[in-house]
Amino acid sequence: MAKRDYYETLGVAKNASEEDIKKAYRKLAMKHHPDRNQGDGAKKAEESFKEAKEAYEMLSDAQKRAAYDQYGHAGVDPNMGGRGAGGPEAYGGFAEAFGDIFGDIFGQNGQRRGPGGQQVYRGNDLSYAMEITLEEAARGKDTQIRIPSWDSCSTCDGTGAKPGTSAKTCPTCSGSGQVHLRQGFFSIQQTCPSCHGTGKIIPEPCTACNGAGRIKSNKTLEVKIPAGINEGMRIRSAGNGEPGTNGGPAGDLYIEIRIKAHDIFERDGDDLHCTIPIGIATATLGGAIEVPTLGGKAEIELPEGTQHGKTFRLRGKGIKGVRSSYPGDLYCHVAVETPIKLTEHQRKLLRELDESLKKGGERHSPNAKSWTDRVKDLFK
């Protein structure tokens, strides 16, 4: 059976923003979450929930969405780069989208029970700000980053208990990690306040890790930045967030892109803008000038009488965005510079030129003549 289109599954347009996609997923996740659907419709609701989660995971990731937009389902490998729609991690995306809004109803942060009846917690997501140049954003790059990580404590072998001792079953929750409270007609399930959901208490914590069972360290990750990425976009590295508890899945790492200010270009979507300074002689007489692009040099032919602020468009000399079929354009804005620090001889030549131009009147300076007439009308 063919998979449904991810955009159709979430009920959003193909150009939907990240926020629109997240809102649509939240709505569907709330509607179809298994804890809200019991009885005859439970199986269908679970399938719908998994479909929505899979669509959200693909479309909320810049790289995966770009691949899906270009190649469809064939462009995304379900065995790489993230959690699948099923398996023991199937409900992680719900916690990511909703946080702990429904903690008292569904359990804190979307946790599940492990094989021993203990609460299983998904690890927290981490964020990492990466600054790159405009050139790197346009062409993409492969790079490495170092992020905080956790290793199992070698002193206690990850148990959190002092060597020679062991963790005990929590007497408050009898090892379940949860307690049940009755409020009126409702029975509410909450995380055990004594063991914080682990189902165990440690009478004598390991001194090396303070009972955590893990030691903070660092690890190096390979990161592929797609060509055309823009300011504020995020790359998700699945499973590289904080580790889960009691065998729960790790959170994700979100790498947020920041682009350094460029000396020449300003980016606007897929388009680039730059200011080209020229002298009054070049502006007056015209001629060919060289302008920079991200791919090298290009040439613009200036007509005679080019005015300050005139814009020239070079098609295809912008940036090809991650979800664009064609590159944007480069807009060159002319800035006519007034000469400074003139010699007396140069001043004399300019005065002579000015006198000569005044004789031509409107023919040489049509805008000045029009402006003068408007000023006269203002003071009539």
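Quick reminder: no glycine exception, Cβ is built from N, Cα and C everywhere.
Per Swiss-Prot, the features are as follows:
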- 5-72: domain 'J' (DOMAIN)
- 140-218: zinc finger (ZN_FING)
- 153-160: repeat 'CXXCXGXG motif' (REPEAT)
- C153, C156, C206, C209: Zn(2+) 1 binding site (BINDING)
- 170-177: repeat 'CXXCXGXG motif' (REPEAT)
- C170, C173, C192, C195: Zn(2+) 2 binding site (BINDING)
- 192-199: repeat 'CXXCXGXG motif' (REPEAT)
- 206-213: repeat 'CXXCXGXG motif' (REPEAT)
- 357-380: region 'Disordered' (REGION)
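Structure coloured by features recorded in Swiss-Prot.
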residue: C153; record: Zn(2+) 1 binding site; DSSP (3 states): coil
residue: C170; record: Zn(2+) 2 binding site; DSSP (3 states): coil
residue: C192; record: Zn(2+) 2 binding site; DSSP (3 states): coil
residue: C206; record: Zn(2+) 1 binding site; DSSP (3 states): coil
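When each of the listed stretches 153-160, 170-177, 192-199 is scored by C-beta pairs under 8 angstroms to the repeat 'CXXCXGXG motif' (206-213), 153-160 comes out highest.
Within the chain carrying the repeat 'CXXCXGXG motif' (153-160), a Cβ under 8 angstroms from the stretch's Cβ atoms is held by residues 166-167, 202, 205-209, 211-215, all 6 or more beyond its ends. Its Cβ taken as reference, C170 (Zn(2+) 2 binding site) is surrounded by 21 other Cβ atoms within 10 Å in the chains shown. Each of the binding-site residues C192, C195 was scored by the other Cβ atoms within 10 Å of its Cβ; the lowest score goes to C192. If you draw a 10 Å sphere around the CB of C206 (Zn(2+) 1 binding site), it holds 21 other CB atoms from the protein chains shown. Residues within less than 8 Å, Cβ to Cβ, of C153 (Zn(2+) 1 binding site) and separated from it by at least 6 positions along the same chain comprise G160, C206, A208, C209, A212, G213, R214, I215.
Each residue contributes its Cα atom, and for C170 (Zn(2+) 2 binding site) and C156 (Zn(2+) 1 binding site) those atoms are 19 Å apart. On a Cα basis, C156 (Zn(2+) 1 binding site) lies 25 Å away from C173 (Zn(2+) 2 binding site). Listed in chain order, the extra residues whose Cβ falls within 8 Å of the Cβ center of the Zn(2+) 1 site residues C153, C156, C206, C209 are S154, T155, D157, G158, T159, G160, A161, P205, T207, A208, N210, G211, A212, G213, R214, I215. If you take the Cα of C192 (Zn(2+) 2 binding site) and the Cα of C156 (Zn(2+) 1 binding site), they are about 24 angstrom apart, rounded to a whole number. Residue counts for the domain 'J' (5-72) under DSSP (helix as H, G, I; strand as E, B; rest coil) come to 55 helix, 0 strand, 13 coil.
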